[in-house]
């Protein structure tokens with residue numbers, strides 16, 4: 001029986017994780033649920049899953065949850081960063097699902113890694129912001145790191161065991177790997193007229209053709225910044241060198257990524273676009289459990305198509321690839337800028353095409369400095385957010 005902490009319990013990954021746990025009740029126990037401020041959602045989850053601890057990042061939300069929880073459930077409600085770190089590092093905890101969206105997930109995820117936990121990584125920003133520090137912490141603590149993102153999980157499944165066992169430190173070429181093919185659907189605007197992108201609304205951007213996701217990730221998919229962040233994450237997870245990582249547009253989202261070997265072989269991982277599949281894989285690795293996902297029906301799949309990304313249509317993807325080549329400081333800046341820009345777009349403050357412009361302005365103007373600690377990363381993140389908010393006024 002694995003005791004699990006779910007960071008981001010009220011989000012889409014949290015919901016999928018709890019669904020997999022419910023399908024395998026003899027193997028997993030919800031030790032703690034963590035959310036930001038969604039009191040009613042957390043209350044419902046507590047009643048259903050009976051965790052030992054419910055943690056709310058927002059202190060007022062914690063008080064509201066405490067007042068609403070039936071006392072007979074005997075659930076401890078906590079709040080505060082120190083309490084959260086204590087929770088993910090507790091000796092009772094075996095596995096941490098790291099699914100808090102954005103930079104907010106970095107500190108608790110890194111704490112779980114340093115404590116040597118089995119970390120299921122759905123928070124791509126942790127590696128985007130602190131890749132080298134994160135990988136070194138994993139190595140030092142002996143933590144088990146398993147990628148939840150459908151693409152990275154697909155790549156992981158297509159790799160040899162010696163690479164799987166050495167994430168972040170592997171040598172792809174020595175294992176006969178030519179390159180990794182990171183697939184992406186292209187989002188809802190893949191075939192839209194370029195001239196129409198400036199007028200696209202948040203509702204349109206959030207209508208992904210294949211996946212069910214939260215608003216921030218949905219917008220990132222529409223700009224393909226999501227694929228850009230995944231590109232950066234893959235660079236750290238799989239220790240890719242120049243030209244070992246390529247992005248391929250695959251609109252059907254049936255092939256979740258591929259690995260091409262030196263002998264010309266290509267191994268692909270396929271399945272219905274449902275996050276419960278990679279979540280179940282990570283939870284049970286190296287075994288297999290029920291995910292609740294229907295098996296892929298090849299007679300209904302139809303045509304599978306592929307194309308190169310159009311960087312005129314997806315400038316955010318180009319920015320992410322360029323930032324990855326520049327290094328850790330640039331990717332930290334880009335991530336912070338993008339979070340501010342996407343939130344502004346979702347609130348109707350800027351247009352869809354302004355997201356890339358805010359990102360580009362920050363990437364070119366925010367001073368980069370060497371980062372040797374988590375405090376350095378947080379400081380650069382904060383500095384970038386201030387500059388990004390200043391840029392918003394230019395596009396309002």
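Each Cβ is built from the backbone N, Cα and C atoms, and glycine gets one as well.
Listed in sequence order, 11, 12, 101 are the same-chain residues at least 6 apart in sequence whose CB falls under 8 Å from the CB of residue 214 (NADPH binding site). As annotated by Swiss-Prot, NADPH binding site applies to 10, 11, 12, 13, 123, 125, 214, with the evidence given as sequence analysis.
Taken from Swiss-Prot, the feature 1-deoxy-D-xylulose 5-phosphate binding site covers 124, 150, 151, 185, 208, 221, 226, 227, 230. DSSP assigns residue 226 (1-deoxy-D-xylulose 5-phosphate binding site) to a helix. Cβ neighbours within 10 Å of residue 226 (1-deoxy-D-xylulose 5-phosphate binding site), excluding its own Cβ and spanning all shown chains: 28.
What Swiss-Prot records for 149, 151, 230 is Mn(2+) binding site, and it gives sequence analysis as the kind of evidence. Sequence-distant contacts of residue 151 (1-deoxy-D-xylulose 5-phosphate binding site), defined by Cβ-Cβ distance under 8 angstroms and a gap of at least six in the same chain, are 182, 183, 184, 230, 234, 256, 257. In the three-state DSSP assignment, the secondary structure recorded for residue 151 (1-deoxy-D-xylulose 5-phosphate binding site) is helix.
Here the binding-site residues are 124, 208, and the one with the most other Cβ atoms within 10 Å of its Cβ is 124. Scoring each of the binding-site residues (10, 12, 123) by how many neighbouring Cβ atoms lie within 10 Å, the top position goes to 123. Comparing CA positions across the binding-site residues 10, 13, 123, the one lying closest to residue 226 (1-deoxy-D-xylulose 5-phosphate binding site) turns out to be 123. Its Cβ placed at the centre, residue 230 (1-deoxy-D-xylulose 5-phosphate binding site) has 30 other Cβ atoms within 10 Å. The local packing around residue 11 (NADPH binding site), expressed as other Cβ atoms within 10 Å of its Cβ over all shown chains, amounts to 23.
The binding-site residues listed here are 13, 125, 149; among them, 13 has the most other Cβ atoms within 10 Å of its own Cβ.
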